[in-house]
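Asks: Structure provided below as structure tokens; questions to follow.
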Amino acid sequence: MPLVTSKELFSKAYDGKFAIGAFNVNNMEIIQGIVDAAKEEKAPLILQVSAGARKYANPIYLKHLVQAAIEDSGLPIVLHLDHGESFEICKQCIDDGFTSVMIDASHHPFEENIAITKQVVEYAHDRGVVVEAELGRLAGIEDAVNVSAADAAFTDPQQAAEFVEKTGVDSLAIAIGTSHGAYKFKGEPNLDFERLQTIAGLLPGFPLVLHGASTVLPEFVELCNKYGGDIPGAQGVPEEMLRKAASMGVCKINIDTDLRLAMTAAIRKSLTENPNNFDPRKYLEGGRSAIKEMVRHKIANVLGCNNFL
Ligand SMILES: O=C(CO)COP(=O)(O)O
Ligand SMILES: O=C[C@H](O)COP(=O)(O)O
Ligand SMILES: [Zn+2]
Ligand SMILES: [Zn+2]
């Protein structure tokens, strides 16, 4: 099974009212935990690489780790660039064998976002690669961009329809109240489902993408805090809201923070409980297993892309 694009996956997800999980990858244990989970749940995967991940792990290592995951698992896997900030980085990834890229020009004015996205779409489509773009701004921290709550702006539905038509993009990330990181809501969690419904209504059959969609699972926050961590007040998107979004045209759900929390909680616990251990394999193994169980739960109970193959 080679790398695949998300075209067919999204069309099945759209019709079946479920979502494909897009998980951020940064090292071998994270990739293995996610892929082992998908293998057991018979689920397709989008493995996505941010600029930060490329800087941390070296792009060539990540690419070959994902190739190894495909060879080992036989799963349909999309290798996706997350939040590509320029045509140049998208081009680099396309030339390097990625099957999907995100151009995130959402911080530019509307017409400029269209022009940059269009340029990426033309280059990508000529090479059989699909493109995700973003319209509207999420609050929170993305790579080099820290968007304050005041600068965040929800996606305008009419603009979304115009954007898709003018760019020919394959999927679109929208802002309806989610944000990156572990602190998504101050009070009660709340997403603008009315806006989502309007956008989906104007773009029938078109796959939408939800960024900042981690649930910030309380069990992991509690474990982190119990074993020496200090992350009070963390809160994510409730699972019920993700299920609802998946039934309304959201075909790709992005998860990074939940991976980070699961791994950190397990490692903190292992190091605290085994003060004599200095073999990294012992605590990394715990981190990998925690990721695997968390991702299995997401796939089977939240995203609904299990038993897909
Ligand atoms: O959107 C994301 C990656 O692009 C990740 O979102 P979270 O921070 O909610 O996991
Ligand atoms: O969108 C943000 C992702 O969680 C990636 O985060 P990162 O830039 O720290 O790798
Ligand atoms: Zn963005
Ligand atoms: Zn994102």
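Placed from the backbone N, Cα and C atoms, the Cβ positions cover glycine too.
TrEMBL: automatically predicted annotations, no manual curation.
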Asks: Please pick, from His108, His125, His211, the residue that TrEMBL records in the Zn(2+) 1 site together with His83, His180.
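Replies: Only hit among His108, His125, His211 in TrEMBL's Zn(2+) 1 site, alongside His83, His180: His211.
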Asks: Going by TrEMBL, Gly212, Ala213, Ser214, Asn254, Ile255, Asp256, Thr257 bind dihydroxyacetone phosphate; tell me which of Gly168, Gly181, Gly287 is listed for that site too.
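Replies: Among Gly168, Gly181, Gly287, only Gly181 appears alongside Gly212, Ala213, Ser214, Asn254, Ile255, Asp256, Thr257 as dihydroxyacetone phosphate-binding in TrEMBL.
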Asks: Helix, strand or coil for Glu134 (Zn(2+) 2 binding site)? Use DSSP.
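Replies: DSSP call for Glu134 (Zn(2+) 2 binding site): strand.
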Asks: Taking each of His83, Asp104, Glu134, His211 in turn, which of these binding-site residues have a Cα lying within 10 angstroms of the Cα of Asn254 (dihydroxyacetone phosphate binding site)?
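Replies: Hits: His211.
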Asks: Out of Asp104, His211, Ser214, Ile255, Asp256, which binding-site residues have CB atoms lying under 6 Å from ligand 3?
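Replies: Near ligand 3, sequence order: Asp104.
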Asks: Should any of the recorded positions Asp82, His83, Asp104, Glu134, His180 have a Cα within 10 Å of the Cα of Ala213 (dihydroxyacetone phosphate binding site), which are they?
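Replies: Those near Ala213 (dihydroxyacetone phosphate binding site) - Cα within 10 Å - are His180, in sequence order.
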